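Here's what Swiss-Prot has on this protein:
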ZN_FING   16-61  zinc finger
ZN_FING   78-119  zinc finger
BINDING   Cys83, His86, Cys105, His111  Zn(2+) binding site
COILED    126-229  coiled coil
DOMAIN    276-465  domain 'B30.2/SPRY'
Amino acid sequence: MPSTPSLKVVHELPACTLCVGPLEDAVTAPCGHTFCRLCLPTLSQMGAQSSGKILLCPLCQEEEQAETPMAPVPLGPLGETYCEEHGEKIYFFCENDAEFLCVFCREGPTHQAHTVGFLDEAIQPYRDRLRSRLEALSMERDEIEDVKCREDQKLQVLLTQIENKKHQVEAAFERLQQELEQQRCLLLARLRELEQQIWKERDEYITKVSEEVSRLGAQVKELEEKCQQPASELLQDIRVNQSRCEMKTFVSPEAISPDLVKKIRDFHRKILTLPEMMRMFSENLAHHLEIDSGVITLDPQTASRSLVLSEDRKSVRYTRQKKNLPDSPLRFDGLPAVLGFPGFSSGRHRWQVDLQLGDGGGCTVGVAGEGVRRKGEMGLSAEDGVWAVIISHQQCWASTSPGTDLPLSEIPRYVGVALDYEAGQVTLFNAQTQEPIFTFAASFSGKVFPFFAVWKKGSCLTLKG
């Protein structure tokens, strides 16, 4: 890259080349010499030559063609930079070498064939490019600021949602704690009530037994005294004494009544199930929180030609007119089916489907293995790599081998699918009532995908969420 010539900066006022005084109303000739306008000779004084040329600069005697404009060229703002080599002011710029030039530099052999212009003229293209770049950068900056503003708004929305969810979680657990505390108080109150009943019946039992012991003690003492009486006295009251000696059967009272024992046993059974209920609740809560309810979409590469997918790939409907689609080893051609995306090879996952059944039509919802048959006739069973339920207006059955008829009270409109890969479990349930429809036990190997099929005109299913 050409180096910039050495410049020296002085702090003197520019001088006229003719009068050597400060420049007033400065102009420059094409050669680069600078004069006061009043110091420059008139054109008639320069004189026209017979060769058709005129003298433009009285110092360097430079001649130009007569048709060349002879008016002195006005200077732009004069700087205070001088050529260090020649001591002349810098007026020119060489675009080829990117160097500042004085008059002598410009006339030198180095720059004869180069593009040389006045500083003000030479700088204009650069200024234009800088302005253009400045405009582009300003636009880019504005766009980035707009994007940043939008992203900040999205971020703020997310942060607000997170804050709301935090409050919801705190409120939910606070309500749960209140309900658990209420149930704890009820259980303890019931236990205290049973405890009081036990003590009450114990006191009653002790009272009855004590009374009987006292009665028997008094009778024993009386009989002992009779035994010490003389025969004449004892025989005198023989009939009375015999009646007193007759044994009376004492019915021993029960310490705790059978009714109270039954209440205690019933309550004991309830208490025994409490730890298991708490454990199941904890496991179900953890299970629910671990479930991935991510976005499921329909994979168009697997869709049968008899199916029409929505633009957002969330809905599919049946059509009698098969679509002209490129063949693919992934595409179903024997069954109007489509797989969901993504597939899963681990974890717990859940999704929900809205069903619309056409006249005589139906839908299939479930899970299929990655190696499920795509071409020709395919079976719907676990042996074929499909774990699903088939739903029509009249009935619902599971894709077992043979199929399992599911006598439901009503045909579900919304069906949920819960996949537990590690447990090898696929559960389908009524998403409105949360009632289970059917649970498959499986041993997965490789990826499994959400599986859907619809048949007959008017049948349609839509992924929710």
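Easy rule for this one: first residue shown is 1, then count along the chain.
Cβ atoms are placed via backbone N, Cα and C, with glycine included.
Other C-beta atoms found within 10 angstroms of the C-beta of Cys105 (Zn(2+) binding site) number 22, with every protein chain shown included. The average pLDDT computed over the coiled coil (126-229) stands at 89.
In the three-state DSSP scheme, His86 (Zn(2+) binding site) is classed as coil. Per DSSP, the secondary structure of the zinc finger (78-119) breaks down as 9 helix, 13 strand, 20 coil.
The number of other CB atoms found within 10 A of the CB of Cys83 (Zn(2+) binding site), across every protein chain shown, is 21.
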